[in-house]
Amino acid sequence: RVQVVHSSLPYQILLFLNGWYFAFFFICEVLIFAFKGETLPFADGVLAAEVILVFLMGGVEALRIFFGQKGNLTEQIIGVVISVLLSVPALFGALFLLLWQTYVLRVEVILAGIQIAFIGLQLIFGIISIITFA
């Protein structure tokens, strides 16, 4: 009996690459916030709130990538659905860093833009995977 593999290789590659990229992104953002905290004036509590957001993004992103990889490899719809749903807060976190934080450095525009591109592509491939698995 022949089993057909429905897992998406491009989706898996994107998830793998985004895992490494987000680790780089996270480290860069923490270092950038350390730089901003030392050199730029912030209102009370604003810097702490923005740093907390980066750490929350780290948790959401880790869960999103984990569920996406496991759902794709096991061809289970629920894992990919959770990953697609977690893409929404991940996308808003990256958009916040790109558009709405107190000070946006040029390097952050580049870093957040790449992260948004990863999330957008994974969202598309995740939806395609859900359709394929159904």
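Even glycines carry a Cβ here, placed using N, Cα and C.
According to TrEMBL, the transmembrane segment annotation covers 12-35 (among others). Same-chain residues lying 6 or more positions outside the transmembrane segment (12-35) and placing a CB less than 8 Å from one of its CB atoms are 47, 50-51, 54, 57-58, 61, 65, 68-69, 72-73, 97, 105, 107-108, 111, 114-115, 118-119, 121-122, 125.
For 47-67 (among others), the entry in TrEMBL reads transmembrane segment.
The transmembrane segment annotation in TrEMBL covers 79-103 (among others).
Long-range contacts of the transmembrane segment (109-133) within its own chain (CB-CB distance under 8 A, at least 6 residues past either end) are made by residues 6-8, 10-11, 14-15, 17-18, 21-22, 25, 28-29, 68, 71-72, 75-77, 80-81, 83-84, 87, 90-91, 94-95, 97-98. Sequence annotations record features per position, and here TrEMBL assigns transmembrane segment to 109-133 (among others).
Within the chain, the transmembrane segment (79-103) has long-range Cβ neighbours (under 8 A, six or more residues past its boundaries) at 29, 36, 40, 42-43, 46-47, 50, 53-54, 56-57, 60-61, 63-65, 67-68, 70-72, 109, 111-113, 115-116, 119-120, 122-123, 126-127, 129-130, 133.
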